[in-house]
């Protein structure tokens, strides 16, 4: 009984609407494909960090330092992508009722 967007059918018995929360649901972040690029970079960064640790144990300090820097840059870029996508999604999803088109009826909660 929901509509895509900020307007939904109100409960018929004036009960509190606890089924549709604004908090992210479990698995929602992974199911959203716009986050996959950031998660991919995070995964690649972790793999590169493991490679840097292996190279460091073999005694190649300069190569390990270069690989570690590349891993850090990749991890920061992945975290930034995920963060910016989450913030962009929150900003886009929080439309105010006064921004509704003229043809769309605004139903206040509990009405």
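Placed from the backbone N, Cα and C atoms, the Cβ positions cover glycine too.
Note that the structure is a prediction, hence the values are computed from the model and not measured.
The feature transmembrane segment, as given by TrEMBL for the ranges 62-84, 85-107, sits at 62-84. Listed as Cβ neighbours of the transmembrane segment (36-56) (distance under 8 Å, sequence separation of 6 or more from its ends, same chain) are residues 30, 63-64, 67-68, 70-72, 74-75, 77-83, 85.
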